[in-house]
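Notes for the one structure printed next.
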Amino acid sequence: MDPTIAAGALIGGGLIMAGGAIGAGIGDGIAGNALISGIARQPEAQGRLFTPFFITVGLVEAAYFINLAFMALFVFATPVG
């Protein structure tokens with residue numbers, strides 16, 4: 001097997017993980033910003049704002065783990081040798 005294919009798989013896996021990490025960081029930041037803004041506007045609604053925040057953060061992180069699964073598929077399913 002050509003080493004270029006293995007190198008391409010590793011580079012592609014790294015790009016997948018980098019994109020997922022950047023996306024998760026941006027998504028968590030936007031959700032956190034919305035939470036802080038909502039609590040600053042209405043402090044009494046703090047309890048009602050935490051549930052959608054944690055659901056949103058969980059979905060954003062789930063998307064990151066889906067990226068992790070695709071990275072593992074691309075890197076480890078590449079035939080070597």
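Even glycines carry a Cβ here, placed using N, Cα and C.
Going by Swiss-Prot, these are the annotated features:
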- 5-25: transmembrane segment (TRANSMEM)
- 57-77: transmembrane segment (TRANSMEM)
- Glu61: site 'Reversibly protonated during proton transport' (SITE)
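Long-range neighbours of the transmembrane segment (57-77) within the same chain, counting only residues 6 or more positions beyond its ends whose Cβ lies under 8 Å from a Cβ of the stretch, are 9-10, 12-13, 16-17, 19-21, 23-24, 27-28, 31.
Within the same chain, residues at least six positions away from Glu61 (site 'Reversibly protonated during proton transport') with a Cβ under 8 Å of its Cβ are Ala24, Asp28.
The secondary structure of Glu61 (site 'Reversibly protonated during proton transport'), as reduced to three states from DSSP, is helical.
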